[in-house]
Each structure stands twice: as C-alpha cells, then as structure tokens.
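Engineer: Got a structure here, written out as structure tokens. Questions coming.
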Amino acid sequence: MSNTTRSSRVTIGRIGTTPQITDPWSSGLEKQRPSRCGGPKSLAEPTYRKIGRRKMMLHMRVHDPGTTVTQRAKETATAKLNRIYLCTFNRMAQSCIYFVLFLVILSPNTSCALRSSAGETQNYVGILSNDSATTTYDVSSLHSSRRTNPPSSSSSSSSNVDVDYRNDRELHKVDLVGLGGERAGQAETISGGKYDYNYENTHTNASAKDEIVERQSNSLDFDGVDMFGAFSIPEEAIYTNEFAVNIPAGKQMADVIATKHGFINRGQIGSLDNYYLFQHHHVSKRSLRSSRKHQGALKSENEVKWMQQQHEKVRRKRDGPYQDLPTYSPYNLLRQHGGYVVDPNPHLSFSPESISLASHSQRMEYRDVSSHFIFPDPLFKEQWYLNGGAKDGLDMNVGPAWQKGYTGKGVVVSILDDGIQTNHPDLAQNYDPEASFDINGNDSDPTPQDNGDNKHGTRCAGEVAAVAFNNFCGVGVAYNASIGGVRMLDGKVNDVVEAQALSLNPSHIDIYSASWGPEDDGSTVDGPGPLARRAFIYGVTSGRQGKGSIFVWASGNGGRYTDSCNCDGYTNSIFTLSISSATQAGFKPWYLEECSSTLATTYSSGTPGHDKSVATVDMDGSLRPDHICTVEHTGTSASAPLAAGICALALEANPELTWRDMQYLVVYTSRPAPLEKENGWTLNGVKRKYSHKFGYGLMDAGAMVSLAEQWTSVPPQHICKSRENNEDRKIDGAYGSTLSTHMDVNGCAGTINEVRYLEHVQCRITLRFFPRGNLRILLTSPMGTTSTLLFERPRDIVKSNFDDWPFLSVHFWGEKAEGRWTLQVINGGRRRVNQPGILSKWQLIFYGTSTQPMRLKSELLNSSPQLRSPSSSNPFLFPSASNIGQPANEGGNFNTDSFASYLNYQNIFSSAGSDPEPATATLDGQNVTAAIAGGSSAESLGFTASAAQLVAAPETRDGDKKILHSCDAECDSSGCYGRGPTQCVACSHYRLDNTCVSRCPPRSFPNQVGICWPCHDTCETCAGAGPDSCLTCAPAHLHVIDLAVCLQFCPDGYFENSRNRTCVPCEPNCASCQDHPEYCTSCDHHLVMHEHKCYSACPLDTYETEDNKCAFCHSTCATCNGPTDQDCITCRSSRYAWQNKCLISCPDGFYADKKRLECMPCQEGCKTCTSNGVCSECLQNWTLNKRDKCIVSGSEGCSESEFYSQVEGQCRPCHASCGSCNGPADTSCTSCPPNRLLEQSRCVSGCREGFFVEAGSLCSPCLHTCSQCVSRTNCSNCSKGLELQNGECRTTCADGYYSDRGICAKCYLSCHTCSGPRRNQCVQCPAGWQLAAGECHPECPEGFYKSDFGCQKCHHYCKTCNDAGPLACTSCPPHSMLDGGLCMECLSSQYYDTTSATCKTCHDSCRSCFGPGQFSCKGCVPPLHLDQLNSQCVSCCQNQTLAEKTSSAACCNCDGETGECKATSTGGKRRTVVGSGSAYKSSESKHGSFENDGNAREFVLRLDSPLTAITAIAVAICLLIITIFSIIFAVLQRNSNHVSRNSVRYRKIANTSSGRRKNLSAKPTSDARFIFNIGEDDDTDGDNSDDELDGNVGTDINNRIVYDRKGNDHGHEFYIESTNDIDAIEFHCNGAGAQKAETQLQRCNANGDDDDILHYDRHTNAERKNHPSSTTSRTNIRS
C-alpha cells in the first residue's frame, strides 16, 4: 500500500484469495543479470541505486502473478547467505587485485619501487605511458605492452628525457639575436646575463577559430627564456591607428621614419629605451582589420627592428561582482556594540550619531574588537583585518610592525588602475605626483572621471596609504607611504598602455599594485603582450636602482566560473606576487580561483550578508562627507593592495630587499594556521604547507618586518632549462584517463647555472585536446610534492590548444631540482570527447639558486641569543632539499655576496652555460666505472685518489686492451694502453680531447675534473665557462674589467679606453662618462650634472635645466630659476630683491630692508623714505606731519575717524571698518579698531595667506620666497620650486639634507649629501669615507676594492679583492680556494675545510666527500660502494650471513640488481647495474624477467620514495582485508543456518495464548489483528534460537495489539479507514482447513495452525515464508 493512501477506504482482500507472486530473477530480468553476484551494474554502483533497484524487485515479486511462493522457497537461507557473502568477498578481492596490479604497473613509471630487472629501472614500459594502452589493466595487456614496446638503442635515445649532458662535449654558440643557437638544457644567471627580447612565436593554432596567435620576431626573452608563453590576439581584434616600433638608432631616426611615412611620433613608450609609439591619422582608430599597407611601410625600413599595430585588450577590474547576486544589497554595514546592522540609507555618513540611529539586528554578530581601537579615524573600527576582527581574533598582524615604527615612510607605491582621486582628504597628504600619470588622458593628473564607475583605484590606494590620525575614513596599512596612481583602465587598453603603466618611473616607484587582468570567465587564456613583458623584465632588472620593482597582483575573481589563475599570464608570472583572498571566517570566498602560482593570501570580502568586506576611501568628486568612504570594497582587488602595504612595511625595514627577497619573505612568513579550516593543505618536500587556494598562507606583517630586518639578499638567480620532450603522446578521451610521462633532470649540476634550491618552476606545455577545459594537469617533483598546474574549467569548451604555455608553480619552493619529475594529464571533465588529444611538447624551467638562499645578517645572529642557533630557534629557517641530512658546514648562512644585486646590467651578454662530465672518462670514451668494475678493491691496490679520482687494477682489461704501467709522463698511476699521451687511461694534469696535456691551451680552461673546456666565444683566455669569466677578450671585443665580460660596445656606466681595449667603470653616480671616470656625461636618476659632475641638487648661483643639468644664474642673483636678471630668487650681498630682480638701490616709493634684503613699499603718500620706512618726502597734495607720516593736505582739522575730501573741501567719516583713514573706501584705512588688524590698508580679523602678525596689530607680508609664514624669519610653506628648511625657503637643501616633497629632510647619518632617506641613497660621503653602491663606509666594504674614483665592486668569484677582475681576489667565498688570486671551487675529489679556507683531498676510498676521513664520503671509488648509514665506502660482503651477524664488518650487503649497498639508493634517481655498459636492456631480457622463477631473480620492494612507501602500505592493507574477510566468511558459513539478519526477517509467530485459543469457536474462522508501530524493531537484538522466538514474540505482539476482530465476519472481508501507524497485520486460522491448498493464501491444518504464511515486512520490503508450525502471519503495510 502506498504512503499516499492515508485516509482512503482500502480493501485488503479476501483471505481465501491467493495472489500469485513472480520471481523476477526467473523472468525477464534474468536476462539482465550477468551473474549471481549482481545485476547489470558496474562495481562502483552508488548505494542509493542499489536500494532503489531492490525495492523495485520486491514490488515486482509481490504483484507479478507468474511465480508461486513454493517455487521461491527452493532458494534456501544458506544459499542466499553463501551467494551474498561470496559476491561481496569476490568484489572486495577483485578490487584489491586490480589496485595492486595498478600499483605494480604504475611504480616502474614513477618511483621504480617494484621492479624485477635492472632494465626496468631505466626504460619505462607500461600502460600509463603507452599510446595504445587502454583503461583495462590486466596482466595480458601488461605483457603485450612489454612485448610491443621496442627498447632504446642507447641511453641517448631514451624515451624519458634525461637532462644529462655527459655526451655533449661542445659549447654551442648562442645566437645574440634569437634563440636559434641556444643549446637545449642551457641555463642562465640573471645577475649577469643578456636579456634577449628576440623571441619568435612559432606555435600556431590548429584552427583559426581557436585563437589567432601573432608571430613575433622580436618578443621578450629573459636570458634566453621566454617566461610568459605565446601571447595572442583575440579572434575579432579591434585595431587602432597606433603602432609600436623598436628603432635602436634613437629618437632622431624615429622622427625621420615617422615623417617619411606620414606617422606622428608620440614619443618613447614608458621607460623602454628605443621603443616608440607612432600614430597615423589616415588609419581608422577602431577597425576589425589591420593596416597591412602601413605595417609594410614600417617593415621596409632597415632601422625598424620590430613593429606591432596595436589592438585593444579586454582587461577587467577584480572587485567582487556582487551586483549579479540576488542576495547583494548595496547598503553600508554599520557597527553597533555587540553586532552589526544594515543601514537602509547607503549615503549615511559614518558618525556616532548615525550608528545610534540604526536598529539592532541579530543576523550578523561578531566579537567586539573595541580593545584594538587605537586610531581616531572613524572607519578604523570597521577595518577588522587590521584590528583583530577576523574569526578567533585574527588579523594581518600589522600591529607589531607599527609598534616598531614601520609605517611605510620613504616607500613609494603606485596603483595601476582607473586612477586615484588626488585631492581626497584621506590621501592628499601622501599623494606622490611622481608615482602618478594619466595614460588614458596623456597628462600628469590621474584623477578619474567622476561617473560612478571609476572608484576602484581610489579604493585600492586607500587600503595602502590612507592617512592615519585624522577624521576621515580609516587607516592604510602603510599610512606614511607615498601613494600614486596610474589612470589606464578608464579608456582603451592595449600593449602600449600596459607597458607605460608597468614601466612608469621605475627608479622612483618601489611597488606596483595591480588588481586587474584578462577576463575571469573560465575560458580565457591570455597574458601580457611583448611590450608589457619587456616592461616586467625592465622593472625587475633596472627598477629601484637595480634591486628590482615589486609587482603585486590580484589572483583573480573567476571562482564562480571555476577559472584557474594559471591561465592568467600576469599572475602566472615569476615576476609578480600573486595574492589570493580569505573571508573573515578564514574560508575560501566564492570568487576565489585555485591555482599553483598563488604565493600568499590576505583577508577580503566573503559571502554578502555574512562576511564583512574591506573598509577604505571612496571616489567622490564633490567630496561629500557621506560619499568619500566605503565598507564595501570586495574581491581579490582588495587583497592585493593589503599585500602591497605589507610589502611597503618590509621595504621600510630593509630598503635593500630585491624583488626576489620580497617573495622569499612572503613564503617564509605567511601563516597557514588561520586558514587551515579550509581543506586542501599539503606539505611539500621541505615540510612547508601550501594550498592551491591560499598559497603559503595568510601574510603576516609583523613577521615580515622582523625577518626583513635580518635579511641579506639572496644569491643571484639561476635558470636551468631541461631538454624539450617533443615526443607526441596521445591523451585518451575517456573520462578519468591519465597520460603520465616523466623526465629525469640533474638541475644543471656542475655548471654555473646549477639550481639546488628551487624557487619557481615553469612547465611549458604544448598540447591539443578538445575541449581543453576537461583537462587537469599535475606535476610531481622528485621529493614527492604534487602541484596541480591546471584544474578543470567546464566553461572552456571552445578552444582546444595550449601553445607553449608556461604553467607556473611555487609549491616546490626550497626543494631540490635533481631527480625525476612526473607530468600527468588527466581528462577529468564530463564533456564528450570525440577524438584523443596530443601532448606535443613539454619542458621544465627551474629558477633558483645553487647555494643556500637564506642568509641572515651575521651581526644579528652573533649578538642575539635567540638567533645564535638558527636551525633550532629561528622561526624563519626551514629545512631545504639540499641540506637535509648534510653536515653543518654545507649550505650555511654565510653571505657570500652582500652586494650581488647592486649592479645589475641588462642587455650586456647572453650566457652559454655547459655541463662538465661528473667524472673523468677514459680517452677512448669508455666509462672508467665499466672498465674496472670487476677489479679488486681500492684498499688492496693501494691507490690514492688523484685529481681524476680513478683507480684501476693492474690486470684489468678493457675489451681486448691490456693496461700497462710504463707510460707517458702525462699519464697518471692508473696506467695506459700504449705509448704516448693519447693512450692514457687517465691524465695526471689535464685532458684535451683524447690527449693528456700539462696545461690547457688558449681559449680553454681546466674544469673541475681536469678536462680542458673551451672558453666562451667572446673570451680569448678565461677562468671559467661563462661569459663573465673572461681574462682577455677575443678580437673585436672590449674587456669590461670589473665584470670580466667581453662586449663589442661598452655598456652604460663605462667608457672605452681605446688604448688597452677595455671598458672602465665611471665614478659612482655617473650614468655615463667619457674619456675619464670623473667626466660624467649623464647622471643617475634624481641627480643633476654640473660641470660634468653629479650632485643631489644644483649648487648655489646655479639652477636646474630641463635636461637635469645645472646652469649659472645671472651675475646679480644668488639663487635663481632661470638665466636672466629677471629670474632671481635671492640676491647677492648689497643687492635687494624687487620683482624677481636684484637691485643695488630701490626705486621711488620703496626702501631697502636690510633684514629682508628686499625693496619694501613706503607708506601711502610717501615719495621717498629711509631704510626703516620713515617718510622723507611726500607726494603732491600730501603733507608730512609731525610723526613723519604723509597725510592729505587739509586733513589737519579732521578727527581720527575722518579724512579730508579735497573734492568736497571738508572732512568726511571713514569706512566703518577703519579706525583712521585717508579715503572713503575700506581699502583706505591707516589704522584699525581694537581686535582688528591692518593689512595693506584694510582692516581684517585675521591675516590672510602670505602675511603674518607683527607688532600686535599689523599684518606684514612674508618674505617673497614664502607662500606662508608665522614670522618674518619663519616660513611654513615656500613658493614653487623652493625647499623649506628650518623655516627658511631655499633653492636647494643644505648638505646632509634632501628634498622630500618640498621639505628638507635629513639624510642617513653617514651621508654628506643624498637623494633620499635610505642608507644606500648617499651621493657624496664625508671626507675620508668611501662611497660603495650608494652607501658611505669608512673603508670599502667586503666585496669592494678601493680605486682612484671610489669603491668598485669585486668580481663575483671573489669575497674580497684588491683590483678588478677574477685574478685579483684576496679571499674567497665558502667552498672556494684562493690560488694565485683566482678563487677556484674544490675539485670533485676534494672538500672545503672551513678552518683553513682551503680545499683538501678526500680519503683514498672516497670519490667525493663532505669532510675528512673515511666516514665523510658522498661517492666511492669503484669497486667500493657507499654505505649511507655511516657515509663510508665499503666493499660487498662475500658472506651475507656473516655480515649480518658481525656489525663491525667493513662491508655491506649489496643489492644483486643495482650492485649498491642495500637501503642506500637515492630516491628518485635511476639505478644501473654496475658493469653494465648501457643503461637499458633488451626487451627479451625484460620479458624474461617476468617468466623467471623466484630463485632466478629476486623481486625487490624498495622503500626509497614516498610513493613506494604508500605502495607497500596499500598492499599490506589489501592483504589484511582479504584475510579478515576470509575469516568472517568461514565463521558465517559455519553458522549460516542459525543467523538471522535485520534485512531478512525469519519470524515464527507464536500462539498468542492458550486461553484466548480456547475462547474461539470450533468452526473454522479467521481473525485479524493490527500491530502498532512504536518505532522499535522487534528483531534488532537478533533471534538466536527458535525457542527465543517462540517464547518472546507472542508476548511482545500482545503488548502491541491495537485492534482485534470484534463481532462476526463479513464475508471474510474487513475494511480499514486508515493505514497510518499500522506496522503489520496478523492472520489467524482457527480450526481445520476448509479451503483447498492450491487456492489458499493460507493453509490451516487440523489444529488450526498456518501451514504456509506469507509475511510482508514494511521495514525490509521483503516477503518471507514461515514454517508450517506458525499460527500467525504478519503482513507489514507501508504507511
């Protein structure tokens, strides 16, 4: 009966009628069931489907008339139990087998955990990497794939890309124009590389509809590495009439070309030298078609190296689009005590009165944060992210930074957005016009249009630098920072606009904050264009005087479209700090995008009506008090400015921070704990938590400034590129299918480009897959960290390709690069895929350092007790991949180059690194390891480790060659194959090709292991492989002495000494010089040049011209602002200022004031007066009275309040405002009434601007240099162009001071003159002090040497030096030894001894080591093997059993597969069998290994990586599950006849009572009673025996009877008005059976008992048949 029939009249039916029931398993449904273990469903059928299917079957069994109960009874309870448990067990076992088999298949491709042959170690063969593989993982397919995959012929043709350059013996040339000559795997170092911007995009799309990728011959390249990927033009681009061109010949040539072809040269693009913007009036301003004619005209010019017609870009602000949400209300949120309320008037001003008017609401309640109210600013209480108002009292922890005095002073931040309101009362005091520009309007005023749509930039600016301690809005994070804005989003946006914004005044602006980007629509893949890319690179290489501009970017608001910020080329860049958002409660906001490029998080808005937003200033042109603030700033747009403000605090704490230092600080100090309520946190390989939502956690301002105070700049950045994997691989279109491929890299080990400590990792991918939004891409590092490079984007259904897109991940920060990297491409989307995709190419680019990057200031470490043990007590020190398990003397905190980032020259050279061989090879090309693998131990031979670290047995044969020991003098003790230096096994000095030599020839140098390697192409002689190691130069090159590089032209800051073909550095502060270091031709930014010297300000009697030079004033002027005698500001002695002139004597009506040095006007009526202003002669009709004042003739008889009118001839009253006068107007007063002041013949209540009160009642004018003053000698504001210093207005500040927006502020105490407040902004030093990199020192600091022109930087090889170049070192950095003035790294057979600062030879048994003695080995001399338990080189034990018993035995149990000591193989690296000449074996040997028995070859499980440990645990769990289920099945099988389960209700209903039975009539009757459902299950306790059923059930039913038959039967029918609350119906047969068995539902025997009774249970929906002894049947009814 249905649930819905609650009150209908329902007929149960005649008791004498028997419904016929059909078993669905024996009917049509039998065809759908393939086995007895389940129906037609998958093994992963959801539970809700199983339940629904069972209910349907039961319903069909009850109502299908095709099957009788007797037929169904044939399936016994035991058979059912067996079937159910056997099927369950079968499924579990099958799942475990599939899982184990999958791990066996997977492990050879990822971690090599399970292997049965040495060949499997190198050559991965499996389903996941085979193009023909399917998703059915069975053993037959495994064998098939192994048989069909051919082996590699040699190690060089391995299918897994191994970045190992042992066979690459030549240095390939680097094409200085493009990338054509770049060697795969080469890497560069930023500190001295050419930033080559000539990149050609060759990755076109499969179809024009996908996207039109512009081919560029001159894109931007960063040391040969394009970091941004292919830039694209929209499918329907709107072209403008502007053309960007690159003309290296300069502006004059650009003007000529523009004029020739009818263009107008609009000038240079931002700070990008030789890049100009052309405009043509005959080209449409907006067109869907490009102008090929004008493009061709520009391309025809040889001087035009690159050009691009500009097209509009779609760029969106990243504030929250709440207007699209139905729950959004634009009301202001106001604070009440104990809660928040919604103000119905959105324009209500933020005042206590307005707050009290609002009614209390219980909807939003947060903790009271009144204890944090330390600012009087009215909106500070709403800035919950600053005052502990987030959940659990958390915030951005800005308070400790403020308490230390860091408020952003001296730091300049610019907001790249839609402009900022410069006159906003909460911003005006901090506004910096030099950090601002209006690109849309092409002027210097960034004020946006006041149309309601351009508030974004102003709001962001308020978060950073809103003025504190005033009565407007709130406070900024860095409330004393200088704030500027760029108006760029309030009009068309193109590549030129972005480049201009990103390169605006990079020497002045420290931090750029941007809260915009491409569309966050879940389908766009876009990034910066070629000019914006160049602006980024120019910023990090040249901004902030070489320390690099800091770019802070909002990660994106595409969360509701499941967008990924890895598809945004701005946040996906290594140059930007990508910032995400967290809600007030510490959760992920609805708009957040997840990606692997996010570095950290700040608080922002959350769910409208639940989480608070950000309070800041607001744009309002009318400055209405109720419109200039807001509490509704939202999205990641609000997060990025908060991060920029925190970075400003850190920059104030340490102005020397580079752009990379800032990223390190953010990574090291961000806190995961406040955001750990949100899932998704993972530990990376150096035990640092990261999240795809929040990066490394919530930024911590207090921790950042504390660490910044101790921070020393990180070492130069190295860039290591892997080989490109160009093998096409199929991406299966089936849902859930995975393409897995891997790459073995060595991190460019052994080269100058080595990366041991990772920062950023880029994975450049080219693939085709439609739709590409289905894809999820994962990258796993050798340390087991998995980073998701791309999440599924369901809206990305139109495009099908990624063209060389560089997916960035910051999750590997601090890990090692060396080892196996695994890339997985997963089809995780539900959209249909018509054909498989193709992974065409992928490549890894590693950014990082070769030495420990974190090196705190040594003086702080030594003086502070809590910092003396950095590894144990400093909270900022983390373990790194390279120093885990290493001794303390490696990877220390010593600063090898404190000034590594001061001189950073761009466009100098392009590095061509090369990789030395890790060990010396024999002259015939055979590896020595293979040649002597069978020899005896090193101890028995008695050899010592030579420079080549080789030993050889006397009788060892290499093929058919016998090793001799009577050899050439150049052969070492290893012997030779014959006479002559070409037959040596190894060399005693150096090796050149196949010959041993005593010294390397010119244009080569000996590398670390004694091989003569060629110098860089520009070097004639060198000390290393790089272009910055030249000692002398190749022909037609100039030697840049201090950099040790060779160039064809001297770079800026150098002059050419043609006599000795060198480039000599100019003196400090010179940007360029000529013929002599002190003869400057241009100066650094913010400096001026006078007589070819650079100063912070022009000297006296000079003025600054437009070209930043100083010119002399006119001879009459002391200071001036122009060249003529009418441009004077102050005068020389004996001259007086009058109308911008300097006069010897003042004109009539003026007198010379010797105190003011000005010509002051005489009193009214005076013709001449003395120097003190006393009249000596009056004008006509004026008379000199007794007080020496001139009065009108005839006024002697007038009273004091009258004047004499010569027209009327009588006295007339003065104006009412005057006390006395000489005329009727209010401008004719000569004195004033009490409480009034006389100002220029007027009586006023107070002096106006430019006057001060003198003698109590007179307003005297300020000095002509002052615009405001409080007395004659105390100016408070100066005229335009003058500087205020201690109340005096001057043309230039005094020595020791600098101009800070018109006010002279003190320089750093060691500076004599300066350009700013920082330590490194000195321009001149006190006498006897030395200037080095902008700082003044008593002596040249470490890393500099004293020259005739100040301190010059040492070569980067040196720690200290006494001259330029790599041969002038006097001490070396750690791990380098001084040898004849040259710092050389220790050989592979040596270790660095810190006490003597020298390289010492390792123990004889060690090939490489980290210390003295035999227990410090890192590598061993064959045939010894490294025992990692004690770092000792030992031989293999001959008797393994004896070795296990004898712990002191100098041997180890060797692995039969690898030949190494057991448990010593390095995780993630390849293993090879010692003695094997190839890294690979044939397919026959691999196939044979599967068929060998266990005695022939051992099947080894190695726990050498995280994945293998997980594999072992998983296998053990599966085996345990199988064992447990086997035991359970055995027990249940034995007791199956006695078990009753809740789902199967076997119930033998007992007779109710003998007394009741006796009262019944003897004639056959039927009885029915209803059992009320009281919420219990009467068999949940389990019926253990028939006796318990007989004894208990009847009593229980009696207690629950609610209806009994009363009266006579009515045709064996009864009616129920409602089935509500009826649990079951019992049918009782009394007396002998009167019906025939075949027509009865119930058959009663002679005793009145039921024979066959059908029970329908409402709880289980299953019918059961009772035993014949039952007397009562129950039919449950579904109520």
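We count from 1, first residue shown onward.
Each Cβ is built from the backbone N, Cα and C atoms, and glycine gets one as well.
Grabbed the feature section from Swiss-Prot, which reads as follows:
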ACT_SITE  Asp417  active site, charge relay system
ACT_SITE  His456  active site, charge relay system
ACT_SITE  Ser637  active site, charge relay system
COMPBIAS  147-160  compositional bias 'Low complexity'
DISULFID  Cys473-Cys629  disulfide bond
DISULFID  Cys565-Cys595  disulfide bond
DISULFID  Cys720-Cys748  disulfide bond
DOMAIN    714-852  domain 'P/Homo B'
REPEAT    961-1006  repeat 'FU 1'
REPEAT    1009-1056  repeat 'FU 2'
REPEAT    1060-1104  repeat 'FU 3'
REPEAT    1107-1152  repeat 'FU 4'
REPEAT    1156-1204  repeat 'FU 5'
REPEAT    1208-1253  repeat 'FU 6'
REPEAT    1256-1299  repeat 'FU 7'
REPEAT    1301-1346  repeat 'FU 8'
REPEAT    1348-1393  repeat 'FU 9'
REPEAT    1396-1443  repeat 'FU 10'
TOPO_DOM  1533-1679  topological domain 'Cytoplasmic'
TRANSMEM  1512-1532  transmembrane segment
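Quick one: how deep are these features, and who are their neighbours?
Structural biologist: Cβ neighbours of Asp417 (active site, charge relay system) (same chain, under 8 Å, six or more residues apart in sequence): Lys317, His456, Gly457, Cys460, Gly485, Val486, Arg487, Met488, Leu489, Ala514, Ser515, Trp516.
The Cβ of His456 (active site, charge relay system) has 25 other Cβ atoms within 10 Å, all protein chains considered. According to DSSP, His456 (active site, charge relay system) is assigned to a helical segment.
Counting Cβ atoms from all protein chains shown, Ser637 (active site, charge relay system) has 28 others lying within 10 Å of its own Cβ.
Cys629 (disulfide bond) counts 26 other C-beta atoms within 10 Å of its own C-beta, drawing on all protein chains shown.
Contacts of Cys595 (disulfide bond) defined by a Cβ separation under 8 A and a same-chain sequence distance of 6+ are given as Ser555, Ser564, Cys565, Asn566, Thr571, Asn572, His692, Thr788, Phe791, in order along the sequence.
Secondary structure at Cys748 (disulfide bond), taken from DSSP and collapsed to helix, strand or coil, is coil. Every protein chain considered, the tally of other Cβ atoms within 10 Å of the Cβ of Cys748 (disulfide bond) stands at 28.
Looking just at the domain 'P/Homo B' (714-852), the mean pLDDT is 94.
If you look at the repeat 'FU 3' (1060-1104), the same-chain residues 6 or more away from its ends with a CB under 8 A from one of its CBs are 507-508, 545, 1033, 1037-1042, 1047, 1050-1054, 1110-1113, 1117-1123, 1127, 1291-1293, 1298-1299, 1313-1316, 1323-1324, 1331-1332, 1334, 1348-1352.
Residues in the repeat 'FU 5' (1156-1204) partition by DSSP class (helix H, G, I; strand E, B; coil) as 3 helix, 21 strand, 25 coil.
Helix, strand and coil content of the repeat 'FU 6' (1208-1253), in residues and according to DSSP, is 0 helix, 18 strand, 28 coil.
Residues of the same chain lying 6 or more positions beyond the ends of the repeat 'FU 7' (1256-1299) and with a Cβ under 8 Å from any Cβ of it are 1096-1100, 1103, 1119-1121, 1129-1130, 1137, 1155-1156, 1158, 1231-1232, 1236-1240, 1244, 1247-1250, 1305-1307, 1311-1317, 1321.
Broken down by DSSP into helix, strand and coil, the repeat 'FU 8' (1301-1346) contains 3 helix, 18 strand, 25 coil.
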Engineer: Among the recorded positions listed here (Cys473, Cys629, Ser637), which has the Cα closest to the Cα of Cys748 (disulfide bond)?
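Structural biologist: Among Cys473, Cys629, Ser637, Ser637.
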Engineer: Residue counts in helix (H, G, I), strand (E, B) and coil for the repeat 'FU 2' (1009-1056), per DSSP?
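Structural biologist: Once the DSSP states are binned, the repeat 'FU 2' (1009-1056) shows 0 helix, 21 strand, 27 coil.
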Engineer: Roughly how many Å lie between the Cα atoms of Cys629 (disulfide bond) and Ser637 (active site, charge relay system), rounded to a whole value?
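Structural biologist: Here the two Cα atoms lie 17 Å apart.
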Engineer: Starting from each candidate's C-beta and looking 10 angstroms out, tell me which of the disulfide-bonded residues Cys473, Cys720 has the most other C-beta atoms.
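Structural biologist: That would be Cys720, with the highest Cβ count within 10 Å.
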Engineer: Please work out the number of neighbouring Cβ atoms within 10 Å of the Cβ of Cys565 (disulfide bond), leaving out its own Cβ.
Structural biologist: 30
Engineer: Between Ser637 (active site, charge relay system) and Cys473 (disulfide bond), how far is it from one CA atom to the other, in Å?
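Structural biologist: Between the alpha carbons of Ser637 (active site, charge relay system) and Cys473 (disulfide bond) there are 19 Å.
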Engineer: In whole Å, how far is Cys720 (disulfide bond) from Cys473 (disulfide bond) when you measure between their Cα atoms?
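Structural biologist: Distance (Cα to Cα, whole Å): 49 Å.
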Engineer: Going by DSSP, how much of the repeat 'FU 3' (1060-1104) is helix, how much is strand and how much is coil, in residues?
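Structural biologist: DSSP classes over the repeat 'FU 3' (1060-1104) add up to 0 helix, 21 strand, 24 coil.
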Engineer: Please spell out the DSSP helix, strand and coil residue counts for the repeat 'FU 9' (1348-1393).
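Structural biologist: Summed over the repeat 'FU 9' (1348-1393), the classes give 0 helix, 21 strand, 25 coil.
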